[in-house]
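Notes to accompany the following structure.
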Amino acid sequence: MGKLVALTLLGACLALIGERLLNFRERVSTTREIKATEPQNCHLIEGLENGSEDIDILPSGLAFISTGLKYPGMPAFAPDKPGRIFLMDLNEQNPEAQALEISGGLDQESLNPHGISTFIDKDNTAYLYVVNHPNMDSTVEIFKFEEQQRSLIHLKTLKHELLKSVNDIVVLGPEQFYATRDHYFTSYFLVLLEMILDPHWTSVVFYSPKEVKVVAQGFSSANGITVSLDQKFVYVADVTAKNIHIMKKHDNWDLTPVKVIQLGTLVDNLTVDPATGDILAGCHPNPMKLLIYNPEDPPGSEVLRIQDSLSDKPRVSTLYANNGSVLQGSTVASVYHKRMLIGTIFHKALYCDL
């Protein structure tokens, strides 16, 4: 009898794992023909060769770019080099990327920047918040931006037990931000198991000096996050679920779901067009090529624009699409005055006029 029970349980477990493996394959093996779409006057940005995972642009047109991310399971073209933060001035006729010098107590050799977000205080001082993965841990680094010197001063490192496996961040006040956790576990084996079983345990965390709490959960893999222009709604990308969650922000910083927009492609980072309020999404149209990288058959890139996101019928259009021949593994697109920057996990970055 005992052996029969054991065999029954084993069979049930194997059946569950088999079903979950098929489900995982379905989620990440999207293979569809990419119809090339390119705005006028696009060119690769010189000096950005090792990824440009996230981009955030100040209202003045200064764009911060995080580069050199080393992420488990993803390719890295310069695995032994620390990450950098670059700056581009989109007011210039021919903007160029320059690496920002960093001063302060940060161990720059362990800089492994992921999501970034800017905040401007009442005296117009700009601060850059950076999700960092030193030795594959998760911290949030706070920098003060010195515009005249074009440099960053490291002010503080934030750590918390809820800030584990952090992917992206959106800052709404001094040391007040939402952060996404793309995995519940942190060990590589358990992360793989989590990806296969897909328990929907990832979440959005609110951080402040007085309170840190989970404000939304139940995502397959919470990824990019941003906020509407009026700061009433928070947009969360659920990458492997291929959708965007629109959440209402309350005075106590809690989030409640409003709607979900299905996109049919893996959604990475999100930004908002400051001129229109439209959501821009950096996407992965053929994600299996990210996991099994072949330079002869590279992953493509895709940027979607979502208009009227709160309406019954949001309008989704393609701003950029490429099969990987130009740009591989797009993660983010950010715009300023009809100029668009597109970043990638490990590849290059693209500038386009819209």
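Note that Cβ sites are derived from N, Cα and C of the backbone, with glycine treated the same way.
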Quiz prompt | Selected from CYS13, CYS42: Swiss-Prot disulphide partner of CYS352 | solution = CYS42
Quiz item: Which of these, ASP168, ASP182, ASP198, does Swiss-Prot say binds Ca(2+) 2 at the same site as ASP54, ILE116?
Solution: ASP168
Self-check item: According to Swiss-Prot, which candidate in ASN112, ASN124, ASN167 joins GLU53, ASN223, ASP268, ASN269 at the Ca(2+) 1 site
Solution: ASN167
Quiz item: Counting across all protein chains shown, how many other Cβ atoms sit within 10 Å of the Cβ of SER165 (phosphoserine)?
Solution: 21
Quiz item: C-alpha of ASN50 (N-linked glycosylation site) to C-alpha of HIS114 (active site, proton acceptor): distance in Å?
Solution: 13
Quiz item: Which ones are near ASN269 (Ca(2+) 1 binding site): of the recorded positions CYS42, ASP54, SER165, ASP168, ASN323, CYS352, which have a Cα within 10 Å?
Solution: ASP54, ASP168
Exercise. If we count other C-beta atoms within 10 Å, could you say which of the recorded positions ASN223, ASN323 has the fewest?
Key: ASN323
Quiz item: If one looks at the chain holding ASP54 (Ca(2+) 2 binding site), which residues at least 6 apart in sequence have a CB under 8 angstroms from its CB?
Solution: ILE65, SER66, PRO113, HIS114, GLY115, ILE116, ASP168, ASN269, THR331, VAL332, GLY343
Practice problem: In whole Å, note down how far the CA of ASP268 (Ca(2+) 1 binding site) lies from the CA of SER165 (phosphoserine). | Solution: 15
Self-check item: Euclidean distance between Cα atoms of ASN223 (Ca(2+) 1 binding site) and ASN323 (N-linked glycosylation site), Å
Solution: 23
